[in-house]
Structure formats: structure tokens, C-alpha cells
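All remarks here apply to the structure that follows.
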Amino acid sequence: MEDMASSTLSAEAGNNVHNIPTGTTKDNALASNARLHANKPFPIAGDKSNEKNTSRKFYEAHAKNLEAAKKLVEKYVSSSEEEDELDETKILKALYENYSDRKEDEHLLAKTASFLENILHSGSATCLICIASVKRTDAIWSCKHCYCFFHLNCVRRWANDSMAQRKVQERNIQGYYNHLGEYVPPKKEKALHWCCPQCRREFQPNEKPATYECFCGRETDPLPQPWLLPHSCGEICGKLLQPNCSHKCNILCHPGPCPPCAQYAVISCKCGKSQPKSMRCLEKDWECQEKCNLLLPCGRHKCRQLCHKPQQCPPCSQKSIQACECGAESMKRQCCERKWQCQKMCSKLYACGIHICKKVCHSGDCGECPLSLPRSCPCGKTKKVGPCTEIIDTCGDTCQKILACGQHTCTQRCHKGSCNLCLVITKKKCRCGLHEKELPCSKEFTCETKCKQSRDCGIHSCNRKCCDRNCPPCNKVCGQPLSCGKHKCQSVCHKGPCYPCGQQSQVNCRCGKTRKSVPCGRERTVRIACLELCKIPSKCHHVNQHRCHKNECPPCSQICGLPNNITNCGHICKAKCHSSVKVSSKSNSDTVHIWEATKRTEYKSLPHPRCEEKVLVACIGGHEVEERPCWNSKPNSCQRLCNRQLPCGNHKCTLICHFVPHPDNMEAQQGCMSCENGCNIPRPSGCIHNCPRPCHLPPCNPCNVVIKTKCHCGLMHIIYKCCDYYNNQGNETEMSERQEQLKSCGNRCLKNYSCGHRCAAQCHAGPCPETNNCRKRLRIYCECKRLKQEISCDKHRSGLTKLMCDENCLEIIKKSEMSRQMAEESLRKQEEERNRLEVEQFEKRFNKRKHKERKSVELKEKRVINWKLLLMYAGIFSAILLAVGLAFYEDH
């Protein structure tokens, strides 16, 4: 909590005061800042107007920092104060100032406050497993149900041991055979689990903690920050408040349960008749003092209850005369109990007109006579349907109903009423299974043997007669001494270590003015925050400024404040007080007894350390002014470059900071170097030749180097001067045109357009211009190559690549198709004739010889040649050949 207070102060001051040490007092801090402000500025090289502006801005910022430092020193609290100097009561009171005093919240607030109070101090909380203190840097695990926290390693070991013991018990619990040779099965055990050491809440094996998390579970392995609550991530808790009101906890990550909701809302009452008003979130269902006055379900009376939700009126509490269901009696009863039955039998005749209804008071018709329905004999073996006047007797057969024992049947004849008890003699075992005896089946057998099995505590035996091995839990008091050594455990007998002592004891501080109630056994480790100053005389020249404490006084953390007589510089010693320092020294072994300690401690006054007061020291070259300790205030080189302007006007002195007669002047002085460089003025863009002159001021002479290179088309060599080609006069367009003209040979370009014709422009760089303006002539043909036409290149590119065939072309194509078909038909006939001849030769060769018959001579008719058709075909064929030849000639 002290660290949180110091961090708050540091946040108020911002980033303006980072150089104030932890132990700096108010007067010394102001004096130090005043000395810094009183020093005169050291001139910086460059323009004098810039120097004035820079100095002015520097001192404005310095004045703001000085004011912030004064405010911080006025509110400054040393971080070396002990944690027990804080008032936890005021801190917790400020934390809960937003919560009103409600009796329902007191237990929850008290529980949260106790958890916070236990964790504020390092080592104040106790782990119930190892009975050791839980420190700030220890990894812990917090139970989500009882909020008690333990060491992470202790809980993991506890869970592993618990599950291992249950596994061993399950392995050892087996079935056994009793003295009668009967097998007794084992008991069913619970599923494997482990319990919280505090609340005994059961957890599954997969819920065993594996990582160290903060209280809200948002951060894993939180680092111990000095300004945060131990084991906390420092973020907003964010858990849903209980009971669930849809709001979340706005306190920083904290132990224990979240406090009740402190938010307010403007809400109307339950019935909605009153005006809305601001109420606590937990009290949003508030009631006004007006009555409901709605008609109750009885239809006679109105609701007299105070404000409640609509349609939730309580039952009518008025009394009125109401008749029973049968209407025979009337009496004064509650209005909400409108249906009731008297104790009179109905006694109305059924439809048969003979039997009467034996039902108790009821409403409506009595129904049919139950004796007119299908009936059976008492044992249920025979069924019969007859008039209601006929009496059904017993059947005379054996009853054979299952008796109450569930094993034997009734041996009597069919009878009315319930069966008798089972009187069959059987061998029965007692509950523990050790003894056996012949008894009637309806009687239970218990022996007098006492159970020697241990109860769940593992210490006391059961001692119950004829126990069925389901021993009851142990009800004796534990009585073992607790860790405090004063009291005994009053819990029921249990396994494992006892809970810490719940008694309280009073502990006084050293001066006796402050008391505190602590758990029994924690008197030695408790820390009491006494607000009184320590009354032990101080060993140094300062006045005590620490509070009442235990043991020895802490070392003085104040500033020495005496003049430093070691360096004789006149400054005040700002080191930590060294007038009385605890020093260990070895005693003489000859004079000391063997059982006495060889090391002894004593308080000595140590000399002043070297003066660390900051003073302004300038370097020997006049480049910078820095703050140095008083003991190291001799000026020396700053190891920066001299950077003074040389006579050439282009370069500066590159020597390391050296002594000069006039540090304020940034011109070359005695001791600076002389310029030995050549010209370093940048040449025109593209020129790679150096200026032949030594280092000089701009401009340089034009570059007259002759450059020989090929033209754009690569046919001729071009010679030009470097200054003409890389001339920076004009804009970029003019420069590019000039360079293009210098590298052009003036001949026609050798490249071709995308259409295949030669470029018409002069020698140039890059792609050819005006590729879409080509006007060269070319020929196009129809599909049969008969028609042709000359067109320009741009029309051909636009899509005019062939001509359409006319009627003559179509007629020629048709005739050529007919000739082709006739030629195919003649070839087909020749192929058929050839196949026929081959078949005849095959049959003639391989078939049996038949009787030779006289050959019949067939006279073939002479065909008449159609000379006109032959001439027409010849003309068509010659025309086709002529068209193909002309087309071939035009292409080449």
C-alpha cells in the first residue's frame, strides 16, 4: 500500500522530475534546482538569433520543470518508510466509502476486508497446508468458493496425495468370502477427486491447478510489482457481482469475494404506482406504502397487501361461509380454500337402485355401480360378469400371492383381506454376514458382534453391533494440540492436519499505545501499525522520524546535511546519514571464549564520501556544457569533432575536440587542421567526371570530356561533349529532347511496326511512334482466292482481312464439289469390282470342282460416250487450275 501511495505521487508530477533521488529533502531539492537555474547559458555554434531562441525555449522548459519539482517536494513521501507505518483502517474505509451501511452487506464487506488486510503485508497470510506464511513473491492458488489461498506447490502436492490415497483405497477394497463361503462384493466408491483444504469442495482431476494466476484469472505468472497489491495484475476485476445484477466488480484485481454492488439506478416500485427514485442496485425491487386494492380470485374481497408485482396477489385471508362439495355442510373458512370435503359418506344410490355410494363428500354424479363391472375372486384367478346383486365367493384354489418377503407365496385357500406374515423357516444371515440362523422368513436376524472396522477418521473403530460395513462417520472430538500450542482442536475427528486455531489474542506495540487482535499463534509474526513516533534516542545527529516498531531502530535514511570536510568544496554532504553506521568487526581470538561469536557489530561514524554535487563544466573546445560531480569538475575533451569552418569555406575541422584560444568563435583557430581535399562540389546529374581543380567555392568549370557512343539504331558512332549532353538548363522535357537529338544519326529507323512495315521516323530511342498510322497498301482475297483487292494497312488492322465470294465463285465451288463426288463414286465402283474378282479367285481355288458347264457368252452392250459432258468436266478442271495458279502468282 505504501508503494501504491508513492506511485500516485509520481503520477501527479508527470515526467518532469526524474532526477530527484529517493532520500532528497525539500530544502536540498530546491537549492539544487536554484543553482541549476542561476548558471549562465554557454553559447552554441551557429546563428546568434537561433542561439537566443534556443536559450529562451530551454529556460522556459526549465522553469516549468522547476515548478513541478517544487510541487513534488512539497508532497513527497520517502519510499523508504516501512509498511507498518500505514493506517490500513483508513485505506479500507476509503475503499468502501461508496457502499451504504446495510446489514445484508456487512458479512460480505467484512470478508472482503479481512482478505485485503491479510494480503497487504508480506507474510501475514498463512497457508493451511504447510502452516507457513504466504509472501508477496510466492506463487499461490485461490479457491473459487471459499476464496482461501495457498501455496501453488502445496495445493498441487495436496491434490496429488489425495488422489493417490483414493486410488490405493480403491485398489485395496475388494470383494471377500465370509465364513459361509459366500462372496460379498466390494462397495461402490466415489469417482476420483480432490478437495479444497478449507471448504472441502470437491474438484475433478483435470481441475488441478497448473499455473500461477492473479485473483481475477486474467494474467498468468503476475510479476510482484511494488505499487500493486500482491498477487494482483492491477487490472479491473470484471467479475459479475453476486447476486447477479448484470453489473461487474470495478475494484482492481483483489482477493476474496467481490463486495456488493454499489451502483444506483432510477427505478419505480413493484406495483408502479409511485414515482421512480434513485436506489441501490441490490434494492431495485423496492416497495411503496400504498395498498394493492385489486379484486382477489374469490370475487368478494380486495387485496390489502402493500406494493407487490402485478398478478401476484397473495391468497385471500378473509373468512366466509362456504359449502362443502356435496353441499351437506357449511362452515366459515378461508376464502382461498373454496373447495373442501366433509367427512360424511355420500350414501346416494347408484343407477342400480340397490347399492349406495361409499365415497366421501364429492361433487357431480356418483357414476356406475362398481359391482356391475367385471369382478374376480380375491386371489384374482377367476373373473366373472354378473348383476350387482350377485355375491362372488372365493374360488377354493390356493391363493399363491407373493408375500411381503418377496420370495414365498401364500399357501392358504383363496381368501378375502390381506395375506398373513411369511412363516417359512429359512436360514438367514445377519447384516455383517458372520452368523447364520434358522428363523421365520418375516423376521430380521441381527447378531451381537461389534464392528472393528475403522471409521472415516482412520483412528476410532465403529463398535456398532452387526454392522453392514457402511460405518457412520466419526462423531468424536479431535482434541489434538493446535499449532499455536495453547488450545486443542474442537472439530469432529478427521484425517490430516487440523485447521489453525480460531481464537483471538491481543498484541501490544512496543510503546503500549496501540493494540491489535490477531489469530492465536500469530503473535510473533504480526505487524502492528502504531502511529506514535519511536521514543528510543537517536544515535546520529538527526531527530527520529520513524514510528514505533519492534527490534532495533532502522538505520537513519535522512540526508547527512553537514559540510563536506573531505573535499573542502563548501558543498553540503547529500549522502545518506553515516554518523552512526552498523559495522561488523572480528574480535581477537586470544581474548574471546571459544563459545562466543567471533564477529561483533558496533556503530561507527564514517567519513564523508566524495562530493557528488552537480556543477556545470565546459569542454576544452567549447562544444558542450554538462553536469558533473564536484570531485570530477576538471575540464577535458568531449571527444566530439572540432567542426570549425576551414578557410576553404567547404569543410570543417575533423580533429577531436582540442584546446583553442577562443572557444566562443567557431572559425578556424590555432591548432585546427588545414584543408587538403579536392573539389567535392556535386557535378551535374549524370556526369561521372571529377573536377580537376582543388577545393574551391562553386561553381565548377563545364566538363569538356568527349564521349563516343553508338546512335539509337546502332549503325553509326556519335561524338559529343559531356557538358552538352548533361546540360541542366531547361525543364526535364527539354533536356530529354536535347539528349535524344544528340544521340540520333538522322537516318531512317530500322525497326518495323507491329503490322510488319518499316518505321517511317528518323533514328530514335524507345518504341516507334505512330504505329497506328501506317498507310501501306496490301492485298486481300476471298475464300476461294478468285477475287482480290488492294486496301490500306489501317483498314486491315480494323478487321477487313478477306472478301466475300460472289455467285460465280459459288457456282465454281459447286461444280468442283460435283466433280469430286463423281471421282469418289468411280473409285468406289472400281474397289467393288476388285473385291468381287478377289472373292471369285478365292472360291475357284479352294472350293470343290464342279461339273463344267458350257460357258455362256454374254454380249456386252457398247456404251455410248457423252462427249459434251467430258468437255464440260475438262473446262471446269482447267478453270480451277487457272484460279489456283493466279492466286499463287499474286502471293509471290
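The backbone N, Cα and C atoms fix where each Cβ goes, glycine too.
When the ranges 1-27, 622-648, 676-702 are checked against TrEMBL, the one recorded as region 'Disordered' is 1-27. Coiled coil is the annotation TrEMBL gives to one range among 729-756, 813-840, and that range is 813-840.
Taking the domain 'NF-X1-type' (648-677) as a whole, pLDDT averages 84 in the prediction. A Cβ distance under 8 Å defines the sequence-distant neighbours of the domain 'NF-X1-type' (755-776), meaning residues of its chain 6+ beyond its ends; these are 711-713, 715, 740, 743-749, 792-794, 796-797. In the domain 'NF-X1-type' (648-677), the DSSP tally of helix, strand and coil residues is 0 helix, 3 strand, 27 coil. Residue counts for the domain 'NF-X1-type' (484-503) under DSSP, helix first, then strand, then coil, are 0 helix, 2 strand, 18 coil.
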